[in-house]
Amino acid sequence: MGIVSAEKFVQAARDNGYAVGGFNTNNLEWTQAILRAAEAKKAPVLIQTSMGAAKYMGGYKLCKQLIETLVEAMGITVPVAIHLDHGHYEDALECIEVGYTSIMFDGSHLPVEENIAKAKEVVEKAHAKGISVEAEVGTIGGEEDGIVGKGELAPIEDAKAMVATGIDFLAAGIGNIHGPYPANWEGLDLDHLKKLTEAVPGFPIVLHGGSGIPDDQIKEAIRLGVAKVNVNTECQIAFANATRQFVRDYDANEADYDAKKLFDPRKFLKPGFDAITVAVEERIDVFGSEGKA
Ligand code: 13P
């Protein structure tokens, strides 16, 4: 199947009670790790770049070509969408131009009328090229100085108005936040999610900040209508922990590791990237998208 837009497989997830993963990438090996996991699990997947990660990697064109080339070179058969995560308006337009197959326009920092008006424009331009669109209402924040106990809740009327723009899936705050959850986090507001999904029946909801939410809450959110779960921090932590362990082992066995040339970056970074594959496979199991390709 290879590179596709995401609306069909995200809607199929919504219709059949599971979720697909939207996994953020940061570099070549990260992308390979996600692709390996998705292929092993026979799961549809979105590989997404934040604006910052795309800049870090060399721009949207490079990211698009990297994912596309790897899908071909690795013989990937599962559906893969090349997705922009939290894109400003200009970035959304650039990704439409460059050939991303899925776009998140994030106008949540704008007044809601402007957010909705801009989303409508993005939908028109993206759909003309067969590109799927995600947009956000409310704001999905992150921990600030350890004082965030609860993420924001998206206003239901705003969610309905955003869905009416023709977007394909909706990111809406239900108490979730990006990054690690603080100890005083109150959990997902599943009652609010229920109200949301009742207001937009059958419409796919995206759960951002997927790292660190207890699995039972994720599964209940999926049962209620979440069809895409975004994961970034969890893969970063998996990579960092495995790399840190490798460095500790290296320090303890320096002569032996040097003799084996484990200073070669292809070997040095391998445990970290293998850990990402394991983390992604594990998330796919929890989301229920194994075998859904
Ligand atoms: P986490 O980093 O908390 O997993 O959030 C990822 C995300 O929502 C990207 O949009």
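Glycine is treated like the rest: Cβ placed from N, Cα and C.
For the Zn(2+) 1 site, TrEMBL gives HIS86, HIS208; the one candidate out of HIS109, HIS178 that the record lists there too is HIS178. Checking the candidates GLY173, GLY175, GLY179 against TrEMBL: the one annotated together with GLY209, GLY210, SER211, ASN230, VAL231, ASN232, THR233 at the dihydroxyacetone phosphate site is GLY179. In this structure, the recorded positions that sit close to ligand 1, with a C-beta under 6 angstroms from any of its atoms, are ASP85, chosen from ASP85, ASP106, GLU136.
Note: the CA-CA distance between GLY210 (dihydroxyacetone phosphate binding site) and ASP85 (active site, proton donor) rounds to 14 Å. It is 10 Å from the Cα atom of GLU136 (Zn(2+) 2 binding site) to that of HIS208 (Zn(2+) 1 binding site). For the pair SER211 (dihydroxyacetone phosphate binding site) and HIS178 (Zn(2+) 1 binding site), the Cα-Cα distance reads 8 Å.
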